[in-house]
Structure formats: structure tokens, C-alpha cells
Amino acid sequence: MSQGAAAAREAAKPQDRGWAWMVLLAAVLLQGLTLGFPSCIGVFFTDLQHEFQASNSETSWFPSIMVAVLHGGGPLCSILVKRFGCRFAVMLGGLLSAVGMVSSSFCKSISQLYLTAGLITGLGSCFSFQAGVTVLGYYFVRWRTLANAIASTGVSLGFTLWPLLSQHLLDEMGWRNTFLIFGGILLNGCVCGAIMRPVQLAPGSLLQSPKPGEEPGRRAEEMLQKYLAFDIFCQNKGYQIYTVGVTWMMMGFALPHIYLVPYAIQNGVEERRAALLISVIGFINIFIRPFTGLLSGHRVFTGRRIYLFSLAVLLCGLSNFICVISAEFNVLFIYCVILSIAMSGIGALTFQVLMDVVEMDRFSSALGLFTILESITLLIGPPLTGLLVDLTSDFHYVFYNSSFFLISAALFMGISFCTLEKKNKLKEASKVPLENPTRYQYSEMPTEPQPESQSPPAVVYITSI
């Protein structure tokens, strides 16, 4: 009888074992299909300009909308995850992504691309990507940092393969047929979603299944707190600083990915070699990101991952000055190597730091607000820089702007978290010891699991600050 009960308890704890690793494999593929996909848009930049007689600013709206919706659809994804589970959200996202790209192959104007590839494909990628990130937090506890780092290698695979595949298909059959094929490829997101079955923490209890009769968001205030985490933003200084810092950083983060290929082509680099530059970034990331995840997962860095993240952002900003020195292929190749190292730190730590500063039971909501705010700067950054390039005919402003936003964001986050940590230490030091400490003992986190239906009973995640 005791052996049967023990076996039942083991089966009810799928974290860090068994099917969790299949879910991780699906998450790797999913991130390659979603977050890695926009990396290939630069390959089509010049062809789309010629096809629709569009300016740099007009053409850059297409990838900007896609990336902004990918990140900004977080609240909708949060609602889907809480009501229907991660599996449903991922599979719906795969279907929308495919429909968006198939529709794009028939577009007659650049504005139609904004709707099909930008809005529809972006929203589908958002559902698949963010639900895939959320489910990892439920399937992994002990190895969560490593799992996030391994999953982010999917982005690296996407960065490596999408540009090469895009350039090959573009040369062979044109951009319209290429977009049609992309629709079929993105449909594989539905397969990844099918693997992400709901987590069973106790017999008959499904973590991701909504409870009958549950009606979240009856009042506007409750909905904002549940799906957009405004209450966390107002009360949690760490989350506040991190969200503002990353939002500002995104004004410049996407610029090199969109403009590097056209910048290289304009300066005489052959098209295939220009597309190879983006693939170099992804290829190096494949090997660096897991190492970064293992390093940051060491107990020495517990509570200090934000400083590693800020350092990576700073290096990313400084590397952009290499492009200003020369546009020769060898110089751009060196730039891509350094940029990829910095990006590996950003990619491996972005969501891990977010999991550090908020509790796991509110992660989905916190992720929603976090991504919708950064989507605003992701949307306006590239078109504004494209307008500047149109006015000056100088691509150097792309890299000047990128460096400014990245460096300032890194300094803001690093200094702010350091100041916050010092204030917390001073508060602790100023506390006067009491005569009977056990009588007034303070505990930040409850020792018993919370009754919230969305929180995983076996997962209690302490904030790092």
C-alpha cells in the first residue's frame, strides 16, 4: 500500500523529469519557429522595397509590427493560458502563424503585409512563444535556469537556419512562393503544442485546466491585476526597474537584426554573404547560450543574475561601434561574433531574471505586462530609425541609435538594482533585535501552498531581491 502511494506521489510530480524533457525539446523547436523567425526578414528587405516602391521607414514597419505584436500580445496569451491551458494557446498560435504567411504571399501592397505577416503571424507567434515559455516554469523547478537557457537555443537555431533558407528560397522561387512555404513550416507549431500536455501535480488535479464556474476579471481592476500585473508593477521595485529597463533597451535591440543585411548589401557585400552574417550570430548562440544558462544557474549568481544581464546588454551596445568603423565583410563578421556572445547572455537571462523578481504563480501575468510595454518600443524603434536613414542616407545612424539605447538601459538597470540592494541591506541592518524573536518572527513567503487555482502547489519561487 505504501509503495503504491509513493508511486502515485512520484507520478504526480512531473517536474524536472520524464515528459518534462520532451516538453523542453518542443520548446526549443517552438522558439526557433517563433522568436527566431523575424531574423530572416532583413533578407527580403530590398526585394520588398523594389516590389512595392517603399522607403526604408515604410518597409521597416512590416517587421516592426510582427515583432511588436509577438511581444505585445502577452495579455491575450495570458487569458488563453489561464482559461484553456498552454497546449491550446500554442496550437492556436501555430495555426495563426501559418495563415498569416500564406495570406502574405498574395499581398498586393506593403500595407496588406502589415496586416497578414505583421499582425496575424505576429499574434500567432506570440501565443505559441509565450505559452511555451510559461509551461517551462511549471515543468521545471530545480533545472529551471538550465531549461530556459536550453530552450533559448531554439532562437539561435532559428537565427542560423531561417536567413540561409530564406536566401536560398528567395533566389530559387521569389519572395511570394517563399512566404507560402513559410506558412507550411510555421504550422509545425501545432505539433509542438500537442506535446505540451497539462501538468498533473496531484491525482485528478490539472494545473492548467480552468475550474468550472471560474469567472476571472469581473471588474476592470481585477482583470488588470490578473492579466496585466499592474499591482506587481506598482509594489515590486525590482519588477518595475527591470520592466522599464528592458522596455527602453528594446528601442535599439532590434535595429541591427533588421538593418544589418541591407547595410552590408549597400556597401558592396554579396547578398548570400550578407545573409550569412545573421546566421553567424545564431550559430554561435547555439553553443554559448547553454553555457550562459549553466553559469548563471550556479548558486553564486543567485540574486545577482540581473548584473550579468546588464553586462550582456552593455556589451551588445558597445559592439555596435564596430559597424561604424568599416562595412567590409571581415569586419562585420567580427561584429557578429561579439554581438552573438552578448546576445547569448540577453537571450538566456531575459525570462530567468523575470522569474527571479516575481513569484511563479504570477509569472504569466507579469510576462503579459512586461511584453506589452516592450512591444511599444519594438514597434516605433525601427521605423523612426528608418526615417532617419531616409533623411540622411546614412546607415551609421542605425548603429549609433542602437548603442545609445542599449548602453543607457544597461547602466540604468545595473545602477538601480545595486542601489535597491543597498537600501534593502540598510533596512535589515537598522532593525533592532527584539527580546523574544520567536514572538515577532517575520516570514516573507507563506509556508503553506496558496489556494489560488493558477499557482502550482509544489512550486514556491522566492524572489531574489
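Glycine is no exception: its Cβ is also placed from the backbone N, Cα and C atoms.
What TrEMBL annotates here:
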type	residues	note
DOMAIN	20-426	domain 'Major facilitator superfamily (MFS) profile'
TRANSMEM	21-45	transmembrane segment
TRANSMEM	61-81	transmembrane segment
TRANSMEM	88-106	transmembrane segment
TRANSMEM	112-139	transmembrane segment
TRANSMEM	146-165	transmembrane segment
TRANSMEM	177-196	transmembrane segment
TRANSMEM	241-262	transmembrane segment
TRANSMEM	274-294	transmembrane segment
TRANSMEM	306-326	transmembrane segment
TRANSMEM	332-354	transmembrane segment
TRANSMEM	366-385	transmembrane segment
TRANSMEM	397-420	transmembrane segment
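Taking pairs at least six residues apart, the transmembrane segment (146-165) and the transmembrane segment (397-420) share fewer than three Cβ pairs below 8 Å and do not count as touching. The transmembrane segment (241-262) makes contact with the transmembrane segment (21-45): 3 or more of their CB pairs lie within 8 A, with pairs spaced 6 or more apart in sequence. Just going by CB pairs under 8 A, the stretch in 21-45, 61-81, 274-294, 306-326, 332-354 that sits most against the transmembrane segment (366-385) is 61-81. Note: the stretches the transmembrane segment (306-326) and the transmembrane segment (397-420) are in contact (3+ CB pairs below 8 A, sequence gap of 6 or more).
If you look at the transmembrane segment (397-420), the same-chain residues 6 or more away from its ends with a CB under 8 A from one of its CBs are 237-238, 241-242, 244-246, 248-253, 255-256, 259, 263, 306-307, 309-311, 313-314, 316-318, 320-321, 323-324, 381, 385, 388-389, 465. By the Cβ criterion (under 8 Å, sequence separation of 6 or more), the transmembrane segment (112-139) is not in contact with the transmembrane segment (274-294), since fewer than 3 such pairs are found. Within its own chain, the transmembrane segment (177-196) is flanked in space by residues 22-23, 25-27, 29-30, 33-34, 37, 44, 86-95, 97-102, 104-105, 117, 121, 124-125, 128, 131-132, 135, 166, 169-170, which lie at least six positions past its ends and keep a Cβ under 8 Å from the stretch.
Across 88-106, 274-294, 332-354, the stretch most heavily in contact with the transmembrane segment (21-45), judged by Cβ pairs under 8 Å, is 274-294. When Cβ-Cβ distances below 8 Å are used as the criterion, the transmembrane segment (88-106) is approached by residues 30, 33-34, 77, 80-81, 112-113, 116-117, 119-132, 135, 176-177, 179-180, 182-184, 186-194, 196 of the same chain, each at least six residues removed from its ends.
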